[in-house]
Amino acid sequence: MAQFYSPNRRVTTKQTLTVTVNSLDPFGQGVAHHQGKAIFIPGALPGEQAEIELTEQKRQYSRGKLKRLLNRCNERVVPACPHFGICGGCQQQHANSQLQQMSKADSLQRLIMREAGACPQLDPVICGSEYGYRRRARLGLLYQPKQHRLQMGFRQTESHDLVCIKHCPVLRPELERLLLPLYQCLSGLQAVRRLGHVELVLADNGPLMVLRHLDTLKEVDRAALIDFAKREQVAVYLAGDSDNVEKLIGEEPYYQIEGLRLAFHPRDFIQVNDTVNQQMVAQAIAWLDVQPDERVLDLFCGMGNFTLPLAKLAREVVGVEGVAALVANGQYNALNNALPNVSFFHENLESDISRQPWATQGFDKVLLDPARAGAAGVMSHIVKLAPKRVVYVSCNPTTLARDSQVLLAAGYRLAQVRMLDMFPHTGHLESMALFMQEPGVAK
């Protein structure tokens, strides 16, 4: 998620104002203006008049707390979650999905235009269901000795405190139904005071959980977890430390993409929103327009979410990743899916990839999917490879806009941009962009 504003605060004298909200920022905050300064107001929507209390004042902007709405806009809806406003997981359930997507898309277009100097008309937003989409979640666990009670939930807004969660409508239904029986199971463990967190993941072959415990579990607790797993049909993994995971019971997880089966480790990164991921991969394939005689490079490839589907179309695909475990997983999946034309390499992506032995033959197309920090150290090396097309998948519009400047300066054209509504009701803004080689760029 891009950070557009400094989080540092300055205490001010409380001042009450009546303002009209003009727009919604990508994080779901209403934006009003007073005396030439923007005011960000959580909970307020465009077109609404609101009575607010200023809580923070900076030179360029202020923040306000919503005290009272004087009218309600048509885009305001009733949040589906009883914890909304307290739980920090979602910020925008009070706005309908059309308004959320429009505000994020507008922010994306403005940012790219400002940083890169050009932005084509955005293609329609890639999206899925606004609820029931999350196939992965991590819940904190904390035992309260005075109440003799376990807390299980997400962090409160702007706090480290937990909100006890019994329902979470953004979770896939297969995971949400586990919340209550899971809480009851964990509350009954002898090790209840020494639990850290629990991760829930929905694989295509069923749900799994990873329990972080701080002491060795006794046999009675292991038996209780096995009973829970059998009763709820959940695979259970135990994490006695932050590095190692022990399978207690269940099948190895996998998910399917473009007709391929990708096995993954319970702690491997997989895209949270399966529906959007399927569309995202299909769009990347269409934009790259891979031909049977072409070589394709996939940077920041992970375990092969894009790499392996591309290998079904290209003569050869090379995936490069900085995490060794993901490289091993990609190699395993290439073998299991009978794709001998794909190779995975563990490399420092800040080094000059154009000088690597596997790059000497060059590449016709390049895809990259970096983390939030972007790919500043990689862009100049991509230019050296002179691919005909580059697809950049981004989870941070600020670094996408920054990195695109390198390609534009090298003669590439920003041909298409799409926003991905990967995380409805949150401030996360994901996108993808296609850059095409213009005539005169050497190959």
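Heads up, the Cβ atoms here are built off N, Cα and C, so glycines get one too.
According to Swiss-Prot, the protein carries these features:
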ACT_SITE  CYS395  active site, nucleophile
BINDING   CYS81, CYS87, CYS90, CYS168  [4Fe-4S] cluster binding site
BINDING   GLN271, PHE300, ASN305, GLU321, ASN348, ASP369  S-adenosyl-L-methionine binding site
DOMAIN    10-68  domain 'TRAM'
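Features as recorded by Swiss-Prot, highlighted on the structure.
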{"residue": "CYS81", "record": "[4Fe-4S] cluster binding site", "Cβ within 10 Å": "18"}
{"residue": "CYS90", "record": "[4Fe-4S] cluster binding site", "Cβ within 10 Å": "24"}
{"residue": "CYS168", "record": "[4Fe-4S] cluster binding site", "Cβ within 10 Å": "25"}
{"residue": "GLN271", "record": "S-adenosyl-L-methionine binding site", "Cβ within 10 Å": "21"}
{"residue": "PHE300", "record": "S-adenosyl-L-methionine binding site", "Cβ within 10 Å": "20"}
{"residue": "ASN305", "record": "S-adenosyl-L-methionine binding site", "Cβ within 10 Å": "27"}
{"residue": "GLU321", "record": "S-adenosyl-L-methionine binding site", "Cβ within 10 Å": "24"}
{"residue": "ASN348", "record": "S-adenosyl-L-methionine binding site", "Cβ within 10 Å": "10"}
{"residue": "ASP369", "record": "S-adenosyl-L-methionine binding site", "Cβ within 10 Å": "21"}
{"residue": "CYS395", "record": "active site, nucleophile", "Cβ within 10 Å": "21"}
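Taking Cα separation as the measure, CYS81 ([4Fe-4S] cluster binding site) is nearest to CYS395 of the recorded positions PHE300, ASN305, GLU321, CYS395. Put simply, of the recorded positions CYS87, CYS90, CYS168, CYS395, the one whose Cα is nearest the Cα of ASN348 (S-adenosyl-L-methionine binding site) is CYS395.
Listed in sequence order, CYS81, GLY153, PHE154, ARG155, GLN156, THR157, VAL163, ILE165 are the same-chain residues six or more apart from CYS87 ([4Fe-4S] cluster binding site) with CB atoms under 8 A from its CB. Residues of the domain 'TRAM' (10-68) grouped by DSSP class, helix first, strand second and coil last, total 0 helix, 39 strand, 20 coil. Same-chain residues with CB within 8 A of the center of the CYS81, CYS87, CYS90, CYS168 CB atoms, the [4Fe-4S] cluster site residues themselves not counted, are HIS83, PHE84, GLY89, GLN93, PHE154, ILE165, PRO169, VAL170, HIS425. CYS90 ([4Fe-4S] cluster binding site) sits 17 Å from CYS395 (active site, nucleophile), taking the C-alpha atoms as the reference points.
Here CYS168 ([4Fe-4S] cluster binding site) is positioned 33 angstrom away from GLU321 (S-adenosyl-L-methionine binding site), judged by their C-alpha atoms.
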